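Here the structure is laid out as structure tokens; the discussion comes afterwards.
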């Protein structure tokens, strides 16, 4: 941050193997309660994400691929989840399930990976900012043990995976401020944007909002403004090519349907961050991070004149998002003034930017103190102790969550109690150890209404007032008894049932209809407009006497057919180009 005449900051050469070992060891410490308690943490969002990954697992296993419909998960309801929510990452998790074969093993590996990748990406950010290895490693340990990351292993909230990748987004953003001649390197920006887009869209939205000031200032400072615009267009183009299936799939469903908006949080203030002397958790920054963040901000103001522009932007943006995530703002009133804010639901989600940027600022301050021999060791040891404290704070939180697994109330780690179908604790435990992954999904069935289609003449707010969780439970989960569902060879859903009366009658089916759905009822093709639907898109058809069969598929835009080839060719071409450039520069 502060520059001294005659003094040049240099970066040492990291021992990459040692760094990987340290990060792996820290990640293992944090997941170790699950290992020795042999537990699965049944957090709030576990069943939603386990259903997502079971879908891709079964599609890979059977070869029945359907990017849109849920053929095997979510009660085989045909609802669309994958196209809305990190499709590439979901298929990667499905592949992981093929290898691991149980939910217990999967959760261990997934949580460990989230911690490790968060630490690795944060270390990479500090490395690219020329922070010394020992300082960068401690900052990485602090970040990977922050609540922004640990909320995935602790409660299966997917913002944790977004946080694990978020530091990568700031590497090109900071480079843009430093390089006035060529602020944007298209590939360097496109890769982290693609990774976040393929993992967690909301994290990408927050990340884009955070890097925007970096690029606005870079644009003001550069003399090559036209070149920067062209480079930005290249970055956007590359991202679109790398994410062709995700973007086209999302647009296809979203533009052709009215999708149920997320449930608004009436008391957003209760979902914001506090500053406290406790351990860091989802609801508060805790002693370590509160002390670090305020120390960084105070140092920044005391050294304003001597601080570089890059450091100023890093601190100001980090402090702004810290404020945005906190109870210092009247969060119960803000959504009434700006309705779009309710889209974010939980102000805590903004804290990820504060963790990334204020920890990076702290690293840069420590980098300066590295030049002051008399305070170097004191700062280093104190920061190391903070990192250890933070790691063992997560260890304790993981232990508390894991402990519930071996009690009679396995669901106490989350809010799944009312969704339990299997009431016997031992049988519920066995379900998550079982190699038949579907047993666990049948044991807990949660009525999550995310991304369901609502009728054109009905507002989402009206459906939300009717409790869509209960609507889904009644119309889909509890309505499966008299129907037989199978997957056809061309990856469609076949639903059969018997009408025992001698007359035709209307029946509500446990299947979701979208405007691009293809429907065949008893051999007759129907358009979605010919089918009545409920408030959440469940089909209502006329049931003939005797056996009835409905086959439902999905026909996206024609452009979607070439999305995967475009994506694969773009990635392969880029890899070949990078290898070519590397060899050329080496020679």
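Just so it is clear, glycine is given a Cβ too, placed from its N, Cα and C backbone atoms.
In TrEMBL this protein carries:
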TRANSMEM  16-37  transmembrane segment
TRANSMEM  80-100  transmembrane segment
TRANSMEM  106-127  transmembrane segment
TRANSMEM  134-152  transmembrane segment
TRANSMEM  158-177  transmembrane segment
TRANSMEM  189-220  transmembrane segment
TRANSMEM  282-302  transmembrane segment
TRANSMEM  309-329  transmembrane segment
TRANSMEM  349-367  transmembrane segment
TRANSMEM  379-398  transmembrane segment
TRANSMEM  558-580  transmembrane segment
Apart from its near flanks, which chain residues at least 6 from the ends of the transmembrane segment (349-367) lie with a Cβ under 8 angstroms of it?
1, 9, 122, 125-126, 129-132, 135-136, 139, 142-143, 146-148, 159, 162-163, 166-167, 170, 202-203, 206-207, 210, 273, 285, 289, 292-293, 295-297, 299-300, 311, 314-315, 317-319, 321-322, 324-325, 379-380, 383
Take a look at 158-177, 189-220, 282-302, 379-398 and tell me which one has the most Cβ pairs under 8 Å to the transmembrane segment (16-37).
379-398
Please work out whether the transmembrane segment (189-220) lies in contact with the transmembrane segment (80-100), by counting C-beta pairs under 8 angstroms that are 6 or more apart in sequence and asking whether there are at least 3.
yes
Are the transmembrane segment (158-177) and the transmembrane segment (134-152) close, by which I mean at least 3 Cβ pairs under 8 Å that are 6+ residues apart in sequence?
yes
Result, the transmembrane segment (282-302) in contact with the transmembrane segment (309-329) (3+ CB pairs under 8 Å):
yes
List, by number or range, the same-chain residues at least 6 past the transmembrane segment (282-302) whose CB is under 8 A from its CB atoms?
1, 142, 146-147, 151, 154-155, 157, 271, 273-276, 311-312, 315, 318-319, 322, 348, 351, 354-355, 358-359, 361-362, 365, 386, 389-390, 393
Select the range from 106-127, 134-152, 379-398 that forms the most Cβ-Cβ pairs under 8 Å with the transmembrane segment (80-100).
106-127
Distal contacts, the transmembrane segment (134-152) - CB-CB under 8 A, six or more residues away:
14, 19, 22-23, 26-27, 30, 111, 114-116, 118-120, 122-123, 126-127, 158-161, 163-164, 166-167, 280-282, 285-286, 288-289, 292, 348, 351-352, 355-356, 359-360, 362-363, 366-367, 370, 380, 383-384, 386-388, 390-391, 393-394, 397-398
